Each structure stands twice: as structure tokens, then as C-alpha cells.
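If you check TrEMBL, you get these features:
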type	residues	note
DOMAIN	80-114	domain 'Ig-like'
DOMAIN	305-398	domain 'Fibronectin type-III'
DOMAIN	407-503	domain 'Fibronectin type-III'
DOMAIN	508-598	domain 'Fibronectin type-III'
DOMAIN	601-696	domain 'Fibronectin type-III'
DOMAIN	764-851	domain 'Ig-like'
DOMAIN	990-1076	domain 'Ig-like'
DOMAIN	1192-1294	domain 'Ig-like'
Amino acid sequence: MSDSAPTIQTTCVLCREPEGMQEYQRMAAHFGRDLSTMQQELHRMRVATHEQVENIEITREVRERMSVRREYHTDTPKAPDFLVGLRSHTVWEKTPVKLFCTVAGSPTPIVKWFEYKNNVPIDPLSAPGKYKIEKKYGVHGLIISRYGHLGNKHFNILKHNVYKILLLTTTVNKNICFLLAKMALPLLSGIHRSKLEVTLLDRFGVTFGTEGESLTLVATMVVVPDLPNLPPEALWYRDDTLLKPSRWVEMSVGGGAAKLTFPHLNKDDEGLYTLRIWTKDGTTEHSAYLFVKDAAPSVVGAPGSPMDVTVSDVNKDYVLVSWKPPNTTNEPLITGYFVDRLSGTKDWVQCNGSPVKVCKLPVDGLTEGASYHFRVRAVNSAGISLPSRMSSGVTAAEVESDVEGRPPTEVHATEINRAYVVLSWKPPSLRGRAPLWYLIEKSEGNSNLWQRVNTGVQIRSPRYAIFDLDVKKACRFRIIAVNKYGPSEPSEPSDLIQKVDPHGVPSAPGQVIASRNTKTSAFVQWDPPKNLSNLMGYYVDCCVVGSKVWTPCNHRPYKFVVHGLIPGETYIFRVQAVNAYGLSEESQESAPLFIDAALTAPSAPYGITLLSCDGSSMTLAWKRPKNTGGTRITSYYVDKREAGSLNWKEVSHSPATSRVENLTAGVFYEFKVQAGNLAGVGLPSEPSKAFACEEWTMPEPGPTYDLSFWEVRDHSLLLQWRAPVYSGASPVTGYFVEMAKKGSLRLYFVASDVSDAVCAKALPDIKEIECGVDEETGDIFLSFEASEISEHSKFTWSKSYKEISESNRASVSTVGRRSRLTFVNPDKEDLGIYSVAVSDTDGLSSSHTITEEELNKVLELSYNIRHPIVPLKTELNYEVLEKGHVRFWLQVQKMSSAASYRFIVNDKEVTSGEGHKISHNASTGLIQMTIEHFTRANEGTYTLQIHDGKAKNQSSLVLVGDVAKPRLFCFHHVEIAFIFIYFYLFCLGPHFSEYLTFHVNDDCTVMLVCKLANVKKETTFMWFKDDEEITLDVAPNPMSGTCALPIPLFSRKDQGVYKAVLGDDRGKDTSVFEISGQVFEDIINAIAHIAGSSASELMLQCTPEGIRLQCYMKYYTEEMKTSWFHKESKIASSEKMRIGGTSEMAWMQICEPTDKEKGHYSIEIHDGKSSHTRSFDLSGQVHGTGMCIHLPKCLFSLSSVDRGRVVGGLPDVVTIMEYKTLSLTCTVWGDPKPEVTWFKNEQEVLSDDHNQISFESGKFASLTIKNVTVEDSGKYSINVRNKYGGEFVEITVSVYKQGDKFSLVTLRELKSGSTVYPP
């Protein structure tokens, strides 16, 4: 269809506007009062005519049927015959098969179906739900539910009457397809069917539950006749197994519904559930999956519970318990299982002391005649799972015999693995009722040294599990039967038996292929593992692409379709094989799959309309198919035919447009349309009505078309259409929109085709546009999340229903099912209505109006996000401590580890050092500064500034004048009170008169220094770093009164806690100094100050890679704050510009330099207070130095390229008449801008009224001489020069008088051959 016509939109709020109603009333009055009477009379005549025609047709049909019935009784006998025979089928395993044929004969033949292999008649009652036989209007059908691949199967159909018997056979096979006809006699059997007609209405769908919950599957139905005392017979199946009422499932039928209730869900209940109900024609059924996920574990990380616990090999005091392992995706691997047993009303008792690694365990020691239940728990490194559902009850068998000397026979192992070996034997023949037990003996290898195995254990069953065998040794076993009469002879020894794992876990499945199924499910197929090893089934996991979180798709190991997926998301799948030994490795991940319905050909278009006709061509429109097949429609194909003809002709072999050419004027044509997509071409539409190929000349416009509905809500909708292709005698000036309830359509204007009916109800789960602010960036946006999308869906944003294309005011971004319209700098121009529509969906759309009030609200929120504030818990406070210390502190509500802050006292920043100690605690948000010996000099304004990410805040405190006096007085008294205490303590033993501090030497060595007091020869001094002693080449001398710890080549690795310990028999004192955080920065700044002051000028060094700029200094480390610049632009280290250094210098390597790398380079070394700058001008100094044999050739031309020179514009010789004006102008160039000087006869020319000199834009130099005379003749020159060099250009000027002949040829003219003409 053509998209050239403009799109017109309007909003229909299910009501007529007042001005529209006035126009309608005016036109109705114009047609006159008799119009209503004429319409009523016309309607009455139509109804009467319609009733007469119907009566005539009914009478004719009754007569025909009566004549047919009379002829039926007198019809001649006819032998039975197949009009349409059976055909072969190729089907998937576990899918239904439908076989049909058509028979004829008189009287009506009796048809029976047979299975050819056994020649057994098929009886639906013998296998409920497997077979269904239908008979409708001579068509006979056999429906086989979930056909299984059990080899070739042949099904016969036998029909007979009193004249002839005929048999036909069909084959259901993947490869063989043939038909076989033969004669046979019918095998009649009684068929018992229900007399009720049952139709299922609401059916249960795919259901999801959780362990421990209760759940009910419900299917409603209509039963005819509905007898309260005779409900239909309903059968429930799980995975083809008939269910019976039990403590786990409850069934009920009645009240028009069949229910299956699970009082306590368990993973054992997961599977495919089928409801089959007997009806008059056989059975009707419905199937759907039930999925049960693990309950929340008692311990985080514990595995899910095992399932399908079964008990087998039941004996007198022995049973074998087996189960299936749970699926594990994110939990640790399972290390084993515990089995519990329950007898009667007693508590659960654990059967095994240590976890068993395989999914089966022999349990002995049971009591004869007792009933037992079993359950299993899985174990991993995180904990123990919840218990499984308990097994069905079993009773230990009671068997007695009379041995009379006969030994047991057939000793062998029924279970062999690395955990245990289960011995089994055949008991002696029964001779009486004396109790019987057994003794077991073993012999290693083929030796005849036998030893008792079951010492102290009386075995009463012909089974016994042995756990303590040596894995490396093989043994033989023999059995002795014993009763009250004595022991029997030993049995024959068994073969050699050794504990091994004969199978182990299976290998990983092969390639996994996922394909589309529905909008919420996917088919998953895979290649089986190479090592099958008695598989129990498979576990399938899925993961949304990009999330890295795997989710189990099934909790019982079997194949199925993956349900419960999110429409519009992209998933990957993996598979694990399961057997009794555990789960295999995960398979390789499948290719990503976008979840959407499987692709099919589109349905037929409809509603073909004629939009325009010019006598030789027609423009058509049609409505797109209601079902697009899961993907966008790519093309349409149009066929045509003349009215009354049966032959259709293609309009074109290629996809058609809406315009059909080459038509014949005056002929009526019919059209049909087919739609195509990636899956193929769909069914054709119904033929259109006949359109006359006549040129349109009417003054009214043609019909609008392509009506569509958007933003459908409960009380409003948006209606859009396209403008008419034929506009009539004048342009279209407006539109009328009419509406009517479905079934009561009555229109009054020449209108478009009637639109499809639309229900005024919002789509389920529809979401509206949200206006918000990004919490990270503060950007204002409109966001819309689609409830579902297809793979090719696109979000189209519009303002005032005009699509927003490329705009500098907003940008569109889409991720998955969410699309966002982000405003750049929103203001009042952005007010208005915004809408979004999602293509390839069921009309998903929404709109939102941004008002001025809402805009101001989000602008304020955006400002707060872009300029955040650190929330304070308390403002800046102070308190007086001991020894005259003052503590300033502040607490914030929340503080990150990356937060920074600074104290400012009287407009100067204070750092942690002598007299000030600054610290913080990020966990509590506390920031504090302690000032030692607070005096009047410390009065002033204290401010704490905090930066945490983008947030910042500050708090101030003023301590001046009368505010500080009481505190100062308190300080002096505190000092006097404590001075005696400190004097007493310090005089008793050695102590630090000055605690550890740092300073940096001229050679950039960091020194930790402390001063000692009250020391003697026996006093010891030790250095520690992070509680590890530091040994120096020269031991510290406490008697000197000062000790220092040198730290050469200081860097980040020297961070840590340094401690100095001073002590002797009188006592001990300790000083601690932590180098980290601000202290580390202070040390680096001190080093940078010395290194920067000693830095040399930048030097050029050539390397094979290019050139290197180097700056030598006393010490360099990468922790120093250094910056490199090129032409005032900061340089970042890259492959082209590499920044590095050694302990002696900092360097920058320029790889493969070009002209772009010319210019001024500098390095700045920051020491926290000032910066030290060194520079180098890389613009040509290298040329001619001879110092760089590896320097690239481009550097040799730097000086010649950048020097000052004349580009052009000056002649060699100028001849001019007297009293004229001479202008010498040229273009110059140089980097940096050159200086220009003019000369005459080697004397500099100065600018005056006669000689005017100008230099414009650094490019155009000129010398203008007004009213030239003969004295102005001579040799002029221009000198253009900058620091890289220059150029000297000469010009010869000759002035002649009026009337004189001029002929001046100079040496420069002869060399250049140039000619100069007078102005």
C-alpha cells in the first residue's frame, strides 16, 4: 500500500463534539422533513420482501428433503466403497496422529478399525484416552493421542454390509509410506459409550506452583443432559499415568466443572496433566503442564529436595530405596544423601550414618511385618535440604523355610558401586515353617581362606549390603542358611566382586537448539550424551541474555517445552543429563532466542476498498491481516479478474503496490490480495466487490482509509486515518468522525469503509508513559515499558502526534521492552502532549501531557540530583578535652569511603600535622580535628567542607571575643591541673619529648624523627612497621637524644603504621605514626617541592621509536602530581604519547612524530601549594644540530616549514607614471606570526603620510606610496622573519614622467622573464 498520503490523527472520546452536532442538524433539515418518512417506508418494504423470500426458500428446501427421503428407501443396494482412502503419515514422537477416510454404500456400512500387526480390533475403552473414533457425514476418523515410536504400526479399517467386506491398511512410519488392501471378516466387540454430550469451556493452562502450597486445576464444561445424580466420568492422568484419589490429590466432578486439587504441592507433582472425559462420541480431553519450584531452603545455598522416592526389592528385613536427584543451578554441588525411615507413628529415624553419593541405598535391619515409609534429604557444603515427599508404605515380607541341609544357590551382586555392594541369592526350597537366617563368608581373590562378614548381625532376607569392602581388592562370597535345626552346607562361591562404579555420571548432552513455540514458551532440543549410563532424564536451565542468572526450567528430569518465559526477552538454554550417580556437566549454551510466537504465514487481508480511479488505473486499499504470523509483513500480492470471469491474473510478478495499472475503461474488476512475510505467502483475501473502471469526476473527496486505533482505554481511544487519495474539486478542509455500537451502524455522510469493531477496554497489563528524572545524571525523561514486543518492534515517539525524528531537544534510546525519550535542556518549548506507539503489537501505545507545573517539579528534582548535598546529622561543634586540647567535630548521616573533606581556619586550610590532628570514621560519619594548646591566636572562624561523590556541604563555627574567653580560662586551669601529673610520669622513666614527625631531606629522603628524654645507656630503642621490627645498618643511639628512620625512594609501598618503642627497667614509652591518607599526600607534596625545585629544563632525546622529552630532578615517583602539556592542552598517556619516568627523571615519549606534534611542550610538578614548570619548544631547534641520527625526517623540516616567508603577490619590477599611487601588497606566513619590515635602497621605510605601511591579520603586508615622484624610484625590499628564520624579497620600482617612454629592464627581469605592466 502507498504511504505517500499524509496521516491525519484525531482523538475520539466516544462522544460527538457540539459543533459537529450543529452541522449534522443543519444538513438534516436541508433534506426536508419527508426524509424520515421515506426511510421508514423503505425499511418496512425491505423487511416484508425479506420475509417472503425466506418463506419461499424454506418451502422449497422442505420439499426437496422429503423427496430425497422417499428416494432413500427405494434406493438400489450399493456395495461399500472407499471414496477417500487412508494415507501414510510422518509424525513427531509423542504427538497426536489423525487418520481419516470416506466410505459410501447402501445400506450404511459398519466400520471397524484394527491394528494390522496383531489383527486386534481397536477398542477405545481398552486404553482410555489413547484412541478416539469419530464418524461424521460418512467421514471416519481414528485419533491416536501421543503416538509413541514403537516401530512401524499398521492400522486397518474394515467396513462391511450384507454384500461385501473391504479392508484398507495405512502405515505410520518415518520412512515407509504405502497402502495395502485386503479382504477380511470383521471382529465385532461390544462398545460401551457414555450417553452424555460434554463440551469443555474454560480449560486450565500452564500452571506454576511452589512446594508446600495448595493448588487446584479446574476445567469447566457443559453437559447435555445435565443430570445432578449422573455426572460425567472424568479421568486425570499425569504423564500418561492414571491418578487415583489419595492424600496427595483430590478429585471432584460436578456443578459444571472437573477439579483436581493438590493439598500439599511437591516436585513429585510436576508433569503433564491430562483430563479425559467420556462423551457420546468417545472422549474429549485437555492437557497442560504443571511446574513446581523448590520451597525456600532452611539454609541459604542448601539444595532442593530429592523426588520420586521409590522402594523396591522388598524382603523380610531389607528394602532398596531409590530416588531422583534435584536440579541445582546456583547452589553448591550435592555431596550425598541421607535416607530416613518411619514406622507406624514413631519419629523419623536416619538410616545411614554418612551421606551416600548415589541415588539408591539398601536398608536392612527392618522388623518383619512392620510397615515403613521412607524419605530422602540432599546434602551440600551449605547445608541439608528439606526432606522429599515420603514414599508409599511397604511391609517387610515374612518368609520361613526348613533347610534340612540344602544350601542357598545363585549367589551374585545386584548392586555394585564404590559405596557398597548388594549380595543376592536364591533361598533353599521351602520345607516347613522354621525361621531361617543366613551367614555370609568372604574370601579375597581365589584363596580358600574364608572369614565371616555379618558377625553379630542376623540376616533374614536373601539380600545384604556390604559397605566396608576394600576398593582395591576383589572378593568371592558364599552363603550358609541356618535355622533351629542347624546350618546348611555353604553355597557355591560367587564370581569375583569388586567395589567399582560401572557407570558414573553421564557425559554432557550435545548441541542444544532452541526454537520458538508461543509468546511465553520455547522448544528446546538437544543431542543425547555419548555416554548414556542409565539416564533418568534431563534438566533444562534458562538465562536472560546479559543477566548471568540461570533459572531451572524443570524440577523433574524429563523432556518438555520450556514455559513461563517473558515475552520480548532473549534467552539462552543449557541442559544436564541425570542418572542415579548425579548430574552431568552442563552442555554448551544454545544460541540466543528471542521469545515470541513461532513464525507462520500471515492470515488473509480483508476489506478491499477503491480509493481512486482515472479510467485506466485504480488505487486500492485493504486492511492488514489480523494475524501477521509473528513477524512483519514484507509484501503484498494482488490478483485481478473481470467481473463474471473465473480466471485470476497476477497484477505483477513482483510484490504489488496499491495502484493497479493497464485496466480497460468501462469494465468491472474484482481483486484479491495475499500478504507475505519471512515464513511465506498467506491465504488470499475474499474477492472484493466489482469496481467499475470509470474516471472519478465527482466534486466530493474520496474515502479516507487505513483506520487504526491507538491508546485504547476504558473511556477513550485515539483514531488515526490517512487522507483521501482523491481530493475532489477542492482541497480537503476537514473530517467528520462517526461512531456506532456494534450491530447498530447508521451513517449519514459519504464515509470511508467501516472500521473494525473496537472494544473500549484497556489492554491487560498496559502501562502508561512515566515522566521522571535519572537518579545518576539528573536527566529529565519520558519512559514507556511495553508489556510485550516482537523481535522487529520499534518505538515511535511523537509530539502533538508528529513523529520526533532527529532533534537537538531530545534523544530516544531503547533497551529491550523499555524506551526512553530524554530531553537535552527542557524548557517551556517542550510543553505539550507526547505519545509513543509500538509497532508489530496489538496496538500498544500511550500518551502523556507535560504541563508547566510538572516541568517545574522535575526541573527542581533534576537540579537537586545534579547538585546534591551531603546530609548532616550534626553541625560543626567543639568541646574541651584534657591537657588544654580542643576537639572540633561534625557527623554526617551517610559517608562513603571515597569522601574527602578539609578544615579551613580563618580562610586558610589546615592539614593534619604539628598541633593539629585530623581524622574521620566512614562507618559512623564522624569527622574531627583536635587542636593542642588552644590560645587566643586560635580564635576565628572554623569551616569544614565535605565532598562525597557529586554531593557536597559545609558547616561553620565562630570562636571570637567573648565566646572564646570562658573556654580559654578553662584551658589554663586544665593545663595547671595536669602539669604535675605529666611531670611525675615523665620523670620516672624514658619518654618522648617530641613524638614522631616527618621531614624530607634535600636528596628527597623521607626521615621519621623523634626526640627522647630521660634516657640512659641501658635504654633500648626499636623501630617497627606494621608490627614487624625494622633492622637498620646503623643501630639507633638513644643517648643522642634524637632518633631518625630514613625512608629512601619513598613511594606508595612505604605506607603503613610506624612505631618507635623506647624503654628500660624504669618503664616504656611508645610513639606511633601512620603514613596513609592525608599524611601520605603531605609527604609526596614535600618531595615534589624539592624535586620540582631541582628539575632541569626539558631536554630532547632521540630514540628508535621517535623522540623523548626528559626532565631530570633529584627524585621522581609516579605518585607525584605531574602534568604534561602541549600548546596548553593537557596530555594523557596513550600509544602515541607515552608518559613515564625513572627515579632520576620524568619523560614523555612521542612515537613517530609528525607536523601535528610541533609546538610548545611543558611539564608541571605540583607540590600542593605551587607548581614547578619546565618547557621545551619543539618547532625547529633540532635542525642542524647533528645530535639525532634517528630523528624522523619530518623533524628536519620543522624549521623550514614554520619560518617566516612571502607566499606570493609581489612582482620583480614595477613601472608607474608620476603622481599615481603605488601599492605593493603580498601574503606572508610563519608560525609564530612573523615580523615585517620594508626597506628602500637598504634603508628602513617608516610609515608616514607619504608611505603607509600595514600588516593585517598576520597574513597581508602592504606598502602604499601616494603621489609617487621620480625620487621614489629605487630598489624596495621586504623582510619577513620569526624566530625560526625568514625571507628577503626585492622589488625594483621605476617612476616616469607623463609623455616619456619607459623601457627599463633589470637583471631580475632577465632572470625571471616576468613582465610588469603599469597600473
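Backbone N, Cα and C define each Cβ position, glycine as well.
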Composition by DSSP (helix, strand, coil) of residues within the domain 'Fibronectin type-III' (305-398): 0 helix, 45 strand, 49 coil
Interface check, the domain 'Fibronectin type-III' (601-696) with the domain 'Ig-like' (764-851), three or more C-beta pairs under 8 A: yes
For the domain 'Fibronectin type-III' (601-696), the mean pLDDT of the predicted model: 87
DSSP residue counts for the domain 'Ig-like' (990-1076), split into helix, strand and coil: 6 helix, 51 strand, 30 coil
Within the domain 'Ig-like' (764-851), residues counted as helix, strand or coil by DSSP: 3 helix, 42 strand, 43 coil
